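Engineer: Mind looking over this structure? Questions follow.
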Amino acid sequence: MDQQKVNLLNYNYSQLRELLIAWDEKPFRAQQLFQWIHQVGICDFAQMTNLGKVLRNKLSQLACIDLPEIVACQKSADGTHKWLLKLECGNCIETVFIPEANRGTLCVSSQVGCALNCSFCSTAKQGFNRNLSTAEIIGQVWLAARELSDNNGTHDKKITNVVMMGMGEPLLNFDNVVSAMNIMMDDLAYGLSKRRVTLSTSGVLPEMERLREVSPVALAVSLHAPTDELRNELVPINKKYPLSQLISLCKRYFKDEPRRKVTFEYVMLKGVNDQPEHASQLIKLLHNVPAKVNLIPFNPFPLTQYQRSSRETIDAFRDKLMKHGINTITRKTRGDDIDAACGQLAGEVKDKTSRSQRWQKLHFMSKTEKSTELTISSEEIA
């Protein structure tokens with residue numbers, strides 16, 4: 001990207017309006033420009049025909065619409081898409097689209113790598129490099145909409161839901177994530193409702209409080225254990241923000257909207273957190289919490305110490321929670337044949353925490369040996 005130009009993907013509608021006013025342009029031009037970028041999916045100013053030639057020339061001189069580069073695309077047997085996206089810094093992130101009968105969910109990354117080191121997650125094993133910009137977050141949505149479109153013009157409505165559940169802890173990149181989610185929910189952009197944008201967090205409590213105040217999106221909490229002792233092992237941030245504090249916040253998170261519930265994600269690990277006593281502890285923990293539970297069959301990755309719970313064990317765990325009035329579903333594993341399932345996203349990270357370089361080499365060697373065909377995109381998006 002030209003360092004002298006501003007990337008318009010970093011701007012929400014109000015910011016774009018202020019920018020154009022500062023450039024001595026009419027404020028209404030912001031709506032036209034914003035719609036061209038996000039609704040129509042155009043990044044060539046010359047094609048924005050209702051802006052006027054003078055403004056188009058000015059935009060070409062002062063601004064750009066700079067997107068991540070699609071390095072590779074994989075499509076699962078179940079229809080799941082995974083894109084490997086290269087950033088300007090040279091690192092890569094992954095974005096996943098999961099199609100279903102009545103909706104299409106895009107799983108978006110918020111960081112290059114992750115610093116939280118959850119023991120069952122592939123991303124965590126690579127360490128952390130940096131936060132993504134607003135442009136790099138919303139750029140994932142832009143590119144997915146373009147790639148899923150049946151034509152090369154208007155962005156279709158195949159993406160009905162966005163989940164901030166890709167690489168990284170979204171709340172540790174608070175400002176950029178909230179800015180990107182606001183663009184997703186803007187009727188002049190992607191027009192997603194607040195219930196169709198979900199942020200998943202491991203429980204960064206101060207930022208959860210901030211999110212509650214400034215953004216109406218759905219909340220998912222990566223719980224994975226019913227006791228502090230076990231959660232300290234699986235989700236180390238629990239040592240800083242223990243369950244008592246986390247659950248207290250979740251109880252009042254949607255106090256002004258009593259019909260909304262917090263989703264608790266619970267990965268099922270064989271012999272670790274899947275026993276009847278764990279279900280009993282979870283029932284006690286979630287008492288009087290407006291909750292629904294999403295049981296996630298563990299998706300293995302190279303060098304992991306964990307195994308997936310059996311179907312019978314998962315079903316028994318679910319049934320026990322349901323018997324005690326907790327709305328519980330088991331997530332259907334999607335895209336695991338292309339390492340696109342929950343906990344498997346890896347990308348390519350230049351780790352600034354120096355964590356497990358050997359793990360990275362073995363991981364990517366293993367991915368190559370799977371011989372899953374990569375379709376290299378030759379289309380230039382910028």
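Every residue, even glycine, has its Cβ placed from backbone N, Cα and C.
So Swiss-Prot says this about it:
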ACT_SITE  Glu94  active site, proton acceptor
ACT_SITE  Cys342  active site, S-methylcysteine intermediate
BINDING   Cys114, Cys118, Cys121  [4Fe-4S] cluster binding site
BINDING   Gly168, Glu169, Ser200, Ser222, Leu223, His224, Asn299  S-adenosyl-L-methionine binding site
DISULFID  Cys107-Cys342  disulfide bond
DOMAIN    100-336  domain 'Radical SAM core'
Engineer: So among Cys114, Cys118, Cys121, Glu169, Asn299, all listed as binding-site residues, which is physically nearest to Cys107 (disulfide bond)? Use the C-alpha atoms.
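Structural biologist: Checking each of Cys114, Cys118, Cys121, Glu169, Asn299 against Cys107 (disulfide bond), the shortest Cα distance is to Glu169.
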Engineer: How many Å lie between the Cα of Cys118 ([4Fe-4S] cluster binding site) and the Cα of His224 (S-adenosyl-L-methionine binding site)?
Structural biologist: 10
Engineer: If we check Cα distances from Glu169 (S-adenosyl-L-methionine binding site), which of the recorded positions Glu94, Cys114, Cys121 wins as closest?
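Structural biologist: Comparing Cα positions, the candidate nearest Glu169 (S-adenosyl-L-methionine binding site) turns out to be Cys114.
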Engineer: To the nearest whole angstrom, state the Cα distance for the pair Gly168 (S-adenosyl-L-methionine binding site) and Cys114 ([4Fe-4S] cluster binding site).
Structural biologist: 4
Engineer: When DSSP states are folded down to helix, strand and coil, where does Glu94 (active site, proton acceptor) land?
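Structural biologist: Reduced to three states, the DSSP call for Glu94 (active site, proton acceptor) is strand.
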Engineer: Of Glu94, Ser222, Leu223, His224, Asn299, which is closest to Cys121 ([4Fe-4S] cluster binding site) if I measure between C-alpha atoms? They're all recorded positions.
Structural biologist: Asn299
Engineer: Suppose we draw a 10 Å sphere around the Cβ of His224 (S-adenosyl-L-methionine binding site). How many other Cβ atoms does it contain, all chains included?
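Structural biologist: That number is 25.
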Engineer: Name the residues of the same chain, 6+ apart in sequence, whose Cβ is under 8 Å from the Cβ of Ser200 (S-adenosyl-L-methionine binding site)?
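Structural biologist: Counting only residues 6 or more apart in sequence, the Cβ neighbours of Ser200 (S-adenosyl-L-methionine binding site) under 8 Å are Val163, Met164, Met165, Pro170, Ala220, Val221, Ser222, Glu265.
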Engineer: How many Å lie between the Cα of His224 (S-adenosyl-L-methionine binding site) and the Cα of the residue listed as 'active site, proton acceptor'?
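Structural biologist: Between the alpha carbons of His224 (S-adenosyl-L-methionine binding site) and the residue listed as 'active site, proton acceptor' there are 23 Å.
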Engineer: Rounded to whole angstrom, what's the largest C-alpha distance between any two of Gly168, Glu169, Ser200, Ser222, Leu223, His224, Asn299, listed as binding S-adenosyl-L-methionine?
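Structural biologist: So the binding residues stretch over 19 Å, Cα to Cα.
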Engineer: Return the single residue from the binding-site residues list (Ser222, Asn299) that has the minimum number of other CB atoms within 10 Å.
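Structural biologist: Counting other Cβ atoms within 10 Å of each of the binding-site residues Ser222, Asn299, the minimum falls on Asn299.
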Engineer: Give, as a single whole number between 0 and 100, the mean pLDDT over the domain 'Radical SAM core' (100-336).
Structural biologist: 94
Engineer: How far is it from Cys114 ([4Fe-4S] cluster binding site) to Glu94 (active site, proton acceptor), counting Cα to Cα, in Å?
Structural biologist: 13
Engineer: For the recorded positions listed here (Cys107, Cys114, Cys118), which one has the lowest count of neighbouring CB atoms within 10 Å of its own CB?
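Structural biologist: Selected from the recorded positions Cys107, Cys114, Cys118 on minimum Cβ neighbours within 10 Å: Cys118.
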